[in-house]
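Chemist: Before we start, here is the structure in question, set down as structure tokens.
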Amino acid sequence: MYSVGRLVQLTLVKKIYEWSKSTSGLKFIPKWNWLAVFTMGNSSGHNNTMSIPPGKGPHQVGCTDLMVGHTVHGTFLRLYYPCQASENPQLPDWVPCREYFNGLADFMKMNRALSERIFNYLFGNCKTPAAWNASFKRDGKYPVIIFSHGLGAFRTLYSAICVELASQGFIVASVEHRDESSSATFYFREHTEPGTKKHPSCDIAKPVSDNLEEVWMYYRPLKSGENEFPLRNKQVKQRADECIRALDILFDINSGKSVENVLQCDFDLSTMENSMDLCRIAIMGHSFGGATVIECLCKDVKFKCGVALDTWMFPLDEEIFPGVKQPIFFINSEKFQWIGNIIRMKKLDSAIFPRKMITIKGTVHQSFPDFTFLTGNWIGRLMKLKGEIDPHIALDLSNKATLAFLQRHLNMDRDFNQWDPLIDGKDDNLIPGTNITIPQSSI
């Protein structure tokens, strides 16, 4: 079985951790100075400082967190939206609080205490390029995208993609999944025992009610000898249900129904009433989130099309494939895909329903999450967080191709069709279809 989807499994952090435990590593460099090695290796050759790129569209972007229902069965998402311009907007931390660092450590089978210091050093000052709780910008009706993250990720790790889409005039809901595939997530339970209540980990996690306390849920690894498919298939079905519930909440907000946010929040959801074009809805995701795209399209026809980034097809039951009748756009990296996975994508081919596939040259599986922008060139390439192509160019191609595809299949009156050639792989950095050679006997 191909080991897949692990968002930062082979990142620099794990290498530093393993190196720091070895006597050969510590022999030559004092313990207090080991991070200097990272600093040298993390010097970026790009003109920009290492940060998540802001949106390039005409709209400034705001974001807020929305939790509806405080239990594990509720819905949790990061909402990105066009916002009103403001001076010196507050930008939220990219990783919201330390428990997410702990979750990444567990996911990577690292010591929590050491890895928290490493992660905090590497990413503790990183900000999401969107104004926190900024006032919503009313400007007609915006189409909607639901985004599903990959295995071991969480709601904030694809902010470069989500911010760009929001800057181009979409409302984007990035769901944090509670199927035990996130590296970490949380919900609340009612507090009943006096004197034992836990304080919230960070400001953005504070509940409205004083009677609620946090409960953290971490990634669930495979058990020894466990068959992986039943677990992943169950998870992908739950993930699709969570995406559909998130969409239902947006329907309620748009219709003017009162939607209670469990989290303390200065953002007024009622300002979004009648602002969404709910005839134009897409589903999008990366890796395990790409599989979630397929599952969602089968389950709910309100999703008019899907964009699947470097999809991991393994969790899906092929019996659902004939039920997927909406257009699908597979955008793959050059280094991740393999014959069996591409063959499963090809089983969704249809003479009736549009199916498109392109491959971005010089990319790796981690060219889609934000990590690719936050490590230097040689370290990023060594740890497969970067490919041979500049990550800004790679994600720009992916975003422009996505926008062209969305305009075509959501029947939008925009200028994204200027990038129509990218849908067919017409660019020096693109491959039409796949770079994987499929044996004739397998077709």
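In case you wondered, yes, glycine gets a Cβ from its N, Cα and C as well.
Note that TrEMBL annotation is computational and uncurated.
The active site, nucleophile annotation in TrEMBL covers SER287. Summarising the annotation, TrEMBL assigns active site, charge relay system to ASP310, HIS365.
Tell me what's around each of these sites.
Modeler: Counting Cβ atoms from all protein chains shown, SER287 (active site, nucleophile) has 27 others lying within 10 Å of its own Cβ.
For ASP310 (active site, charge relay system), the same-chain residues 6+ apart in sequence whose C-beta sits under 8 angstroms from its C-beta are HIS286, SER287, GLY290, ILE331, ASN332, SER333, PHE336, GLN337, HIS365, SER367, PHE368.
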Chemist: Measure the Cβ-based neighbour count of HIS365 (active site, charge relay system), defined as the other Cβ atoms within 10 Å of its Cβ.
Modeler: 26
